[in-house]
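Lifted from Swiss-Prot, the feature list:
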BINDING   Asn9, Arg20, Gly194, Gly215, His216  3-amino-2-oxopropyl phosphate binding site
BINDING   Asp11, His12, Arg47, His52, Thr102  1-deoxy-D-xylulose 5-phosphate binding site
ACT_SITE  His45  active site, proton acceptor
ACT_SITE  Glu72  active site, proton acceptor
SITE      Glu153  site 'Transition state stabilizer'
ACT_SITE  His193  active site, proton donor
Amino acid sequence: MAELLLGVNIDHIATLRNARGTAYPDPVQAAFIAEQAGADGITVHLREDRRHITDRDVRILRQTLDTRMNLEMAVTEEMLAIAVETKPHFCCLVPEKRQEVTTEGGLDVAGQREKMRDACKRLTDAGIQVSLFIDADEEQIKAAAEVGAPFIEIHTGCYADAKTDAEQAQELVRIAKAATFAASLGLKVNAGHGLTYHNVKAIAAIPEMHELNIGHAIIGRAVMTGLKDAVAEMKRLMLEARG
């Protein structure tokens, strides 16, 4: 069974800051609190439109984090150049549409193998570990292995958004099978998107899961209980699922 880690996404600290154009709340301070509360890493998504996290945030976080930085980004020349210069510990390559509220699905790795292979090589050559954000689909998982990504992050949005218990159970089986298949190919398996305090334990219980990246639910809880308690409670639930 893989060690289970929690990556805390702090994008929405920046969303709140940018809503008023102020210098607060500070994502760097939030990252420090999350680390104190048990976060194993900090995730930020530098979007092309800079709607929350900024280039400055990325630079300062890379210099100040005690744990690991996971930079989510689109596969563009601009973002690849920023990553190579900044050198986060991890880069998670994601699809991105300017009009979307949040990432809506996984990368089509199988449909753009050469582009993904080139991106993975460029990042790997810079000493960055690469993850591909994909749906729980065997074709995409095989493609991820073929293009040289050591990690995948399974998109859990369909599981999180399921309307019925039966639909959610079906999605859980699909994710678990995908995790097993990916591990059989030598890939390390992360997961994220839409995970909450109510649905995280079933995903955390999947033996192959290495890291869960969770943001919106934790930041939402933090508004009510404080960030330190919100992070600690999510980590407790995840580890409880492992017995």
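Here the Cβ of each residue, glycine as well, is placed from N, Cα and C on the backbone.
The structure, with features from Swiss-Prot marked on it.
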residue: Asn9; record: 3-amino-2-oxopropyl phosphate binding site; DSSP (3 states): strand
residue: Arg20; record: 3-amino-2-oxopropyl phosphate binding site; DSSP (3 states): helix
residue: Arg47; record: 1-deoxy-D-xylulose 5-phosphate binding site; DSSP (3 states): coil
residue: His52; record: 1-deoxy-D-xylulose 5-phosphate binding site; DSSP (3 states): coil
residue: Glu72; record: active site, proton acceptor; DSSP (3 states): strand
residue: Glu153; record: site 'Transition state stabilizer'; DSSP (3 states): strand
residue: His193; record: active site, proton donor; DSSP (3 states): coil
residue: His216; record: 3-amino-2-oxopropyl phosphate binding site; DSSP (3 states): helix
CA pair Arg47 (1-deoxy-D-xylulose 5-phosphate binding site) / Gly215 (3-amino-2-oxopropyl phosphate binding site), Å rounded to integer, equals 15
Candidates Asp11, His12, Glu72, Glu153, His193 (recorded positions) with Cα within 10 Å of Gly215 (3-amino-2-oxopropyl phosphate binding site)
Asp11, His12, His193
By the count of other Cβ atoms within 10 Å, pick out the sparsest of the recorded positions His12, Arg20, Arg47, His193.
Arg20
If you count, for each of the recorded positions His45, His52, His216, the other Cβ atoms lying within 10 Å of its Cβ, which residue has the minimum?
His216
Just counting, how many other CB atoms are there within 10 A of the CB of Glu72 (active site, proton acceptor)?
27
Comparing the Cα of Gly194 (3-amino-2-oxopropyl phosphate binding site) with the Cα atoms of the recorded positions His12, His52, Glu72, the shortest distance belongs to His12
If you measure between the CA atoms of Asp11 (1-deoxy-D-xylulose 5-phosphate binding site) and Glu72 (active site, proton acceptor) and round to the nearest Å, you get 10
Cα-Cα, Glu72 (active site, proton acceptor) versus Glu153 (site 'Transition state stabilizer'), nearest Å, comes out at 11
Per the 10 Å Cα distance test against His12 (1-deoxy-D-xylulose 5-phosphate binding site), the recorded positions Arg20, Glu153, His193, His216 reduce to His216
If one measures from the C-alpha of His216 (3-amino-2-oxopropyl phosphate binding site) to the C-alpha of the residue listed as 'active site, proton donor', what distance in angstrom results, rounded to a whole number?
9
Can you tell which of the binding-site residues (Gly194, Gly215) has the fewest other C-beta atoms within 10 angstroms of its C-beta?
Gly194
